[in-house]
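A quick write-up on the structure given underneath.
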């Protein structure tokens, strides 16, 4: 997340059709929660398009790439590899160590879809479980990133957006980014929350 | 999460087929990250079965219910209603207040699927955005619960499980819960991590 070593997310495995939404959600979660880029298997072109489209509209920087060699991508990563798996060490036990390494080195977070080969468990510097319960790779990624960045990702600012959502108590308000900046300057950090609650969609 | 007022998660809206996996992941995330129950729309029977099956195998208590009246369920909730939406107030700004209310009252977390009616925005005591960016309702729920419970949910113990995953540096290890208990007593809180790394699936 800028001025820090890079964080990339690799979605390992993708079944076109069946996994489209999950893979897209992995990419959007990576973007929203502070990663610098996501890498999809090369058969996930539809998810790539969706995440790029959101980045075009809501801002970046955020890169979306594909690879035709996932295992090699993990093996050749120059930095630390964190593989999220329900079989791994408890996130609460290893997060301090991972944060410390991230101050020095780029982090690759591997998020499994279909079965992840054992080689990935062996290559990873950390196999990490966000709980040792079966739930969702998207949920695991979200909690991991929030803890890796210690919440700093929530204050990230977005560049080159053509729309910005203003946080509101009730309703929906989407404005031009320059308008959002002007409101912030006029009203302090929280912005003007007197929107009309109209249901413009993003 | 036991000895505290209840936390329930309502999945608002479900399109059978298209939403099955997302709805299932909402339910599994609710279970894994400390909620006491999930409530699905009554057309999400397949997701209900999956979450119940996981609870049977990996433990509880965790309840899965359905409703044929989602709006009324929100309106009649006796406690505080938190609606997760990218248009809402920033989670980092409201989390202390929500935590304080949760010490006194049950919390209903509403997680939208298809379009959520404006009435839900108005009924909610808090509309909360885990970022004001489009990403994933599963990711938003995960970060929200982790922050609501301040990480306590990760130390939750499970009852009536017929299998337990032991956290490991490398590999997979699934054991009978009584075996896990015995290992914990013998080795301290971290358990024995000398597994063989065999790839038994859950």
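Note that the numbers count up from 1, one per residue, in the order the chain is shown.
Cβ atoms are placed via backbone N, Cα and C, with glycine included.
Summarising the annotation, TrEMBL assigns S-adenosyl-L-methionine binding site to A:84, A:112, A:113, A:114, A:115, A:116. In the three-state DSSP reading, residue A:113 (S-adenosyl-L-methionine binding site) counts as coil.
TrEMBL lists A:171-202 with the feature region 'Disordered'.
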Completion exercise
residue A:84 (S-adenosyl-L-methionine binding site) -> DSSP, reduced to three states, gives strand
Exercise for the section: Please find which two of A:84, A:112, A:113, A:114, A:115, A:116 have the most distant C-alpha atoms, given that the record lists them as binding S-adenosyl-L-methionine, and give only that distance in angstrom, rounded to a whole number. Expected result: 13
Exercise for the section: Any same-chain residues 6+ apart from residue A:115 (S-adenosyl-L-methionine binding site) with CB under 8 Å of its CB? Would you list them in sequence order, or say none? Expected result: A:13
Exercise for the section: Could you name the residues, excluding A:84, A:112, A:113, A:114, A:115, A:116, of the same chain that surround the S-adenosyl-L-methionine site, i.e. Cβ within 8 Å of the Cβ centre of those residues, in sequence order? Expected result: A:12, A:13, A:85, A:111, A:137
Completion exercise
For residue A:116 (S-adenosyl-L-methionine binding site), the number of neighbouring Cβ atoms whose distance to its own Cβ is within 10 Å equals 22
